[in-house]
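> One structure follows; several queries about it will come next.
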Amino acid sequence: MVAISPVAHKLLNYVPFLLVLIDLRYEGVNGGKDGGVENHLEMGKKLLAAGQLADALSHFHAAVDGDLKNYMAYYRRATVYLAMGKSKSALPDLSKVIELKPDFTSARLQRGNLLLKHGKLDEAERDLKKVLKSNPSSREEQEAQSQLKKSDEIQRLVGQAQSDFTRRDYGSAVSHLDIIIDTCVWDADSREMRAECFVQLGEMGKAISDLKAASKLKSDNTQAFYKLSTIYYNLGDHEMSLNEVRECLKLDPDHKQCFSHYKQVKKLNKQIQAAEELIQQQMYSDAVSKYESVMKTEPNVPQFILNAKERMCHCLSKDQQTAKAISVCSEVLKADPPNVNALKDRAEAYLQDDQYEEAIKDFESAKEHSENDRQIKEGLERAQRLIKQSQKRDYYKILGVKRTAQKKEILKAYRKLAQQWHPDNFQDAEEKKKAEKKFIDIAQAKEVLTDPEMRSKFDQGEDPMDPESQQGGGHHHHHFHGGWENFQGFNPFGSGPFNFKFNFN
């Protein structure tokens, strides 16, 4: 046993007292029952006045933590929440204030106002009536009375909106709900009802913005996300539909409606993306069959059918499947006459088919709906040049080949015709003259259409053999002017792997 000196003994008697002292000092520093909490409240107030809301909030959090019975700390924190627009967080704080200090009139008045904005009319009225009984200031009394009047009016409108809705008089329900939502800005139920009215009235954009608000106002609002997803889906917007249904499944992975809808949208989304990738790679006929499967996946939503056909019209036109393109584009335009994409694609198909007037009509309608589109302007100019050209010489017609013909086909057609119209085949002077003219046309057609540069000029509506139509680029002009004599020593059959031998008499 260690002996303790009398001095040490005396000190030991002081330990409990010292510990208490240290404890008190510590509480004061650390936001205990007095100094700390007051400090935090003071700092918070200054920051709030300076508009530094986030910093003010953290001081009020500390004040609440330091003293759970300090109603002022809750009240100040509620004030910051309101300034930040976080009314959901402000409500429980105001309730705590009223529980700790039932005669705190301004807190009760604020809670009444908030409850009214949330559309909780009965609870709001209870608070407002209590304010009137609790010896309020004249300003508080006035405010409480005017809010009570408002609340009565809204109760009446809610009843009317509901009976309009039941009677399916959606327009009139909307006009009542507009007034309700003006006051009850955070009332999710009114928004949902108004969204439903908008859906029935076909005003999808407005329905969407109400449902988006409702999805934020009510926590875990899976129904709002589900409805948003189906509206986007019916509008043919598969990407937005997928986004919204995913939000629903984040909240509730087992949500039956959302899950089965998700599977459908995902499948459709995948097919559309695959089709668009094929278009990017210019694999047009594959893209067409991909869009045919899109229509099988969703046969009941007209917008998806229309979107798919619009893209098929584009692919067929690009793929130069002229007759099919014209027919599919026409289906789209029957359902949606101002569809600029379908008008442009059908015009291109008409050009391939030498239906210049029709092409010009389509380009002109497209231009009415989309004035600054460069493609339309260029297409229209091209069509107008081609129609002029068609009234002159058409090298494709002369050889009897399609505009899409490959070089091989052009040479084959040329040889056949050159053989047929060779002037030496004709004895009669008149016929010989006619044949000479034909023969020169055939040779010119072959020259233009087998030269990529000349052919592309001709396809743009310019005749490389006609001095008048030339816009520069003049070396090919007068090759053949001057008739049959120029052909002496020219072998029109000398191109390609074949050499025709003629026995000229």
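All positions are counted from 1 along the displayed chain.
Cβ coordinates are placed from backbone N, Cα and C, and glycine is handled just like the others.
Automatic, uncurated: that is what TrEMBL annotation is.
So TrEMBL has the following annotated:
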- 1-31: signal peptide (SIGNAL)
- 71-104: repeat 'TPR' (REPEAT)
- 105-138: repeat 'TPR' (REPEAT)
- 131-153: region 'Disordered' (REGION)
- 222-255: repeat 'TPR' (REPEAT)
- 340-373: repeat 'TPR' (REPEAT)
- 394-462: domain 'J' (DOMAIN)
- 454-483: region 'Disordered' (REGION)
> By DSSP assignment, list the helix, strand and coil residue numbers for the repeat 'TPR' (105-138), in that order.
27 helix, 0 strand, 7 coil
> Would you mind listing the long-range same-chain contacts of the repeat 'TPR' (71-104), meaning Cβ under 8 Å and 6+ residues beyond its ends?
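Answer is 37, 40-41, 44-45, 48, 53, 56-57, 60-61, 63-64, 110-111, 114-115, 117-118, 134, 186.
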> Cβ under 8 Å to the repeat 'TPR' (340-373), counting only same-chain residues 6 or more beyond its ends: which ones?
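Hits for the repeat 'TPR' (340-373): 310, 313-314, 316-318, 320, 322-323, 325-326, 329-330, 332-333, 379-380, 382-384, 386-387, 390, 403-404.
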> Taking every residue in the repeat 'TPR' (71-104), what is their average pLDDT?
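PLDDT averaged over the stretch: 94.
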> Helix, strand, coil: count each for the residues of the repeat 'TPR' (222-255), based on DSSP.
27 helix, 0 strand, 7 coil
> How does the repeat 'TPR' (71-104) divide up by DSSP, counting helix, then strand, then coil residues?
27 helix, 0 strand, 7 coil
